[in-house]
Amino acid sequence: MALVTVSRSPPGSGASTPVGPWDQAVQRRSRLQRRQSFAVLRGAVLGLQDGGDNDDAAEASSEPTEKAPSEEELHGDQTDFGQGSQSPQKQEEQRQHLHLMVQLLRPQDDIRLAAQLEAPRPPRLRYLLVVSTREGEGLSQDETVLLGVDFPDSSSPSCTLGLVLPLWSDTQVYLDGDGGFSVTSGGQSRIFKPISIQTMWATLQVLHQACEAALGSGLVPGGSALTWASHYQERLNSEQSCLNEWTAMADLESLRPPSAEPGGSSEQEQMEQAIRAELWKVLDVSDLESVTSKEIRQALELRLGLPLQQYRDFIDNQMLLLVAQRDRASRIFPHLYLGSEWNAANLEELQRNRVTHILNMAREIDNFYPERFTYHNVRLWDEESAQLLPHWKETHRFIEAARAQGTHVLVHCKMGVSRSAATVLAYAMKQYECSLEQALRHVQELRPIARPNPGFLRQLQIYQGILTASRQSHVWEQKVGGVSPEEHPAPEVSTPFPPLPPEPEGGGEEKVVGMEESQAAPKEEPGPRPRINLRGVMRSISLLEPSLELESTSETSDMPEVFSSHESSHEEPLQPFPQLARTKGGQQVDRGPQPALKSRQSVVTLQGSAVVANRTQAFQEQEQGQGQGQGEPCISSTPRFRKVVRQASVHDSGEEGEA
């Protein structure tokens with residue numbers, strides 16, 4: 001893709017010097033002289049919304065010594081071509097074609113789209129222009145005219161006009177199969193066949209917008225609307241053979257396939273399902289900028305081993321759906337969109353999505369609106385040998401800058417499949433501390449076409465190891481320093497990623513809360529992947545006998561029965577657990593966080609509790625064996641008995657002194 005800026009000026013007149021003050025002449029010229037920017041692709045030229053008119057007028061009015069405009073200024077444009085798949089010769093030819101087609105227009109008219117069409121006779125070239133006007137206060141840009149342009153050959157220095165079709169409110173567009181579509185407006189019907197699927201998709205998008213605008217404005221023949229189309233009607237100057245092609249192709253390709261029999265509906269549905277499954281595979285390995293719809297159908301016929309002539313319109317319809325999915329930016333996170341070059345060139349979509357930062361991961365794609373958005377470029381080709389890993393630290397910082405401002409960022413490459421998808425995966429792995437498998441599953445759920453090439457996948461695996469090692473070192477530093485890691489080890493093993501999809505409805509704050517909850521979730525799971533720390537050990541111990549723990553909590557009001565049970569020796573080691581959970585900030589006893597105990601101290605505590613419990617039980621049995629008739633020993637033994645019970649169960653009153 002390339003960005004071309006064309007200077008628009010009226011044709012030079014025969015007058016020598018304008019009559020009147022010089023500043024009035026400059027102002028009149030500045031109103032007419034302006035620039036228009038185009039995104040030039042293979043087979044299509046997309047007019048961009050350019051805000052340079054007022055700037056040009058200001059510059060023109062501030063330079064009274066500027067020369068009068070002439071037709072030569074049309075060639076003094078600014079061009080910025082990326083090294084895409086097209087050869088320099090093809091790029092120069094397409095650029096020259098754009099200049100020649102602009103010369104056919106009035107100064108107040110704009111090209112919204114120029115799409116190259118298939119030509120019946122190969123030396124010739126044909127373009128479809130979607131043209132709107134800016135003439136006068138009363139006219140709006142809702143008025144659109146389709147123009148057909150003929151070139152004798154690719155190197156021709158001139159072009160001619162062969163078709164003029166105003167778009168009225170009754171305009172209808174139909175798919176005719178094999179990449180062709182027909183436009184019916186005002187009783188006239190014309191057929192067009194772009195040279196590639198991507199060109200067809202871009203053309204249909206612009207046509208749909210124009211048809212909706214015409215319908216909303218109520219443009220009907222016979223009124224004052226679209227009177228400027230007569231200017232082009234009077235200038236149809238293509239050869240008669242070219243004029244016949246613009247009108248006769250509708251009769252050649254508008255034939256509809258016969259309707260299916262009622263009994264064959266189930267078989268037809270099965271065939272359509274098979275076509276959908278194979279179509280995705282064919283498109284995945286095809287270059288949408290060069291492949292035609294007919295070639296796609298032929299590839300499907302080879303895969304299925306059946307003729308698909310009667311499914312031409314169905315194939316085109318499914319292709320448009322898949323291309324639309326490729327063309328639409330996918331919202332991966334509340335603040336991050338993943339898309340293609342089309343999304344980067346769509347100013348309306350960028351503004352609607354509140355995008356302020358654009359991360360361009362492609363070597364061949366330009367920055368279309370450098371004056372409107374903040375850009376960061378990583379100029380790499382989609383090759384397995386390309387090194388993305390060294391750039392992921394900068395891209396993460398760039399994305400976080402947009403999130404910190406409360407705005408959104410678009411990450412794009414050419415198709416939003418490999419380079420940009422790998423960068424978004426790297427961001428998710430670092431930002432949300434998840435594994436590569438979790439990040440890939442999340443991204444592909446929201447954008448199924450995201451498939452980094454094998455080289456980028458290997459770099460993502462290396463990056464995953466780097467992140468894991470970094471988190472492990474951070475945890476060990478906390479352990480050496482005696483600081484409780486609390487929630488940090490949880491995402492180290494596995495951080496659930498599903499809580500992220502509901503977050504597009506909220507902001508970044510909700511995202512942080514959701515991630516904290518997801519990090520805390522593994523703590524409640526019954527010991528999957530036990531860690532080498534005290535929390536994991538105590539969790540495993542507590543899960544050995546959960547029923548006994550419930551019994552101990554329900555019988556706290558009756559202390560003597562705890563030691564009268566034959567399972568008291570098994571229950572006592574569980575008593576230190578509430579204290580340890582309490583010291584680690586657990587949820588069993590809410591008494592606030594305390595300094596963490598080391599593992600050696602915890603083992604000593606467990607042993608001491610067991611000794612106290614055993615001695616207490618032995619003392620109780622000895623007192624009970626002395627007889628029922630002695631009242632004073634029994635009375636004196638009761639307070640001591642309750643005192644020892646409290647020391648063993650509460651564990652925070654005076655256990656060290658008693659031991």
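One-based numbering along the chain as shown.
Any Cβ shown, glycine's included, is placed from N, Cα and C.
What you are looking at is a predicted structure, and each value in this text was computed from that prediction instead of being measured.
Quick look at what Swiss-Prot annotates:
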ACT_SITE  Cys413  active site, phosphocysteine intermediate
COMPBIAS  1-16  compositional bias 'Polar residues'
COMPBIAS  64-78  compositional bias 'Basic and acidic residues'
COMPBIAS  80-89  compositional bias 'Polar residues'
COMPBIAS  547-557  compositional bias 'Low complexity'
DOMAIN    269-324  domain 'DEK-C'
DOMAIN    328-469  domain 'Tyrosine-protein phosphatase'
MOD_RES   Ala2  N-acetylalanine
MOD_RES   Ser9  phosphoserine
MOD_RES   Ser37  phosphoserine
MOD_RES   Ser85  phosphoserine
MOD_RES   Ser87  phosphoserine
REGION    1-31  region 'Disordered'
REGION    46-96  region 'Disordered'
REGION    482-534  region 'Disordered'
REGION    547-603  region 'Disordered'
REGION    617-638  region 'Disordered'
Original post:
Within 10 Å of the Cβ of Ser37 (phosphoserine), how many other Cβ atoms are there?
Top reply: 20
Original post:
At the level of the C-alpha atoms, what whole-angstrom distance separates Ser37 (phosphoserine) and the residue listed as 'active site, phosphocysteine intermediate'?
Top reply: 21
Subject >> Under 8 Å by Cβ from the residue listed as 'active site, phosphocysteine intermediate', counting only residues of that chain that are 6 or more apart >> reply: Ser340, Glu341, Asn360, Met361, Ala362, Ile365, Asp382, Arg419, Ser420
Original post:
Which residue counts does DSSP yield for the domain 'Tyrosine-protein phosphatase' (328-469) in the helix, strand and coil classes, in that order?
Top reply: 67 helix, 23 strand, 52 coil
**OP:** By DSSP assignment, list the helix, strand and coil residue numbers for the domain 'DEK-C' (269-324), in that order.
**Re:** 44 helix, 0 strand, 12 coil
Subject >> Confidence summary (mean pLDDT) of the domain 'DEK-C' (269-324) >> reply: 85
